[in-house]
Amino acid sequence: MAFLLSSLGLLVVGAGGIRPCNLAFGADQFNSNTESGKMGISSFFNWYYFTFTFAMMVSLTFIVYVQSSVSWAWGLAIPTFLMLLSCVLFFVGTRIYVILKPEGSPLANMVQVIVAAVKKRQLKLPEQPWLSLFNHISTSTINSKLPYTDQFSPNTKKVHRQRRWHHSPEKMGVGMVLAIITMLVSAVVEERRRTLAVNNPVGIDPRRGLISSLSGMRLVPQLSLVGLSEAFTVIAGVEFYYKQFPENMRSIGGSFLFVGFALSNYLSSFLVSVVHRTTSGAATWQWLPQDLNKGRLDYFYYLIAAIVVVNFGYFIMCAKWYKYKGSGTS
């Protein structure tokens, strides 16, 4: 067990070191000061997510098939060989990569800002604070200058907003709307599947009960919507983190995507547990039993849709309030 847990721990550490950094490293190969470079960065994020999804498809189909039907040893040997091949290809190209040398510690700078803000919290703000700001930017730094903002000032009566959105929040908004539609479509299809299973079954499964006559092709629309929703949201999120974080914190920004994945998985498990506890033994049917024909999975989909609607409203509020890097004071 200790050997197994050690291997899983090394896998987590390795993935944690590779995934956030290769996002920033890949985008750094393009010059963000040129139009072609900006287009290249956006294209890179699209291709990155495409290849990431393709790799997941291969691992969840072909690799799992080999492990379950051929040999566990071969199932582990194949990804090991592919990882070794990727390492060789990576080091072969080190001479042509654009490599930005790290300087200082972004986390230390964050702590310095927090400490300074706490120490000076009792000081009175000058009438025109932007005139006395520390404007020095070292020639060796890659960070761009951030505009002054009084969004968090207690004396601010009017919040400065920007009517025009950037492309990243627009794409994320589209992804959230598609997620809502996905849940509604899933609920309708599930209700139809369950009705056909109860009233017109085509067989009985020993563990899962009555088999519905609904074609599995009816699941294609909702699964396609899931893919589109995730593509819009994830790619735009990665691009947003890369462009809005300070330049020397891009790898940290890239890690937010995978931290979000991890937290969402934990929250999903927690939500399922709550639904199990609140619906089991109640007067209504349990929503998520082993035999879905005896449950109400469609209610669960409606619940997710309602949660996404609330999240979408919160997202719109934050997107309007957020001040994008490089924008003016109003």
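In case you wondered, yes, glycine gets a Cβ from its N, Cα and C as well.
Annotated features in TrEMBL:
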type: SIGNAL; residues: 1-17; note: signal peptide
type: TRANSMEM; residues: 47-66; note: transmembrane segment
type: TRANSMEM; residues: 73-92; note: transmembrane segment
type: TRANSMEM; residues: 172-189; note: transmembrane segment
type: TRANSMEM; residues: 223-242; note: transmembrane segment
type: TRANSMEM; residues: 254-279; note: transmembrane segment
type: TRANSMEM; residues: 299-322; note: transmembrane segment
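By the Cβ criterion (under 8 Å, sequence separation of 6 or more), the transmembrane segment (172-189) is not in contact with the transmembrane segment (254-279), since fewer than 3 such pairs are found.
A Cβ distance under 8 Å defines the sequence-distant neighbours of the transmembrane segment (223-242), meaning residues of its chain 6+ beyond its ends; these are 23-24, 27, 41-42, 45-46, 48-49, 166-172, 174-176, 178-179, 181-182, 185, 250, 253-254, 256-257, 260.
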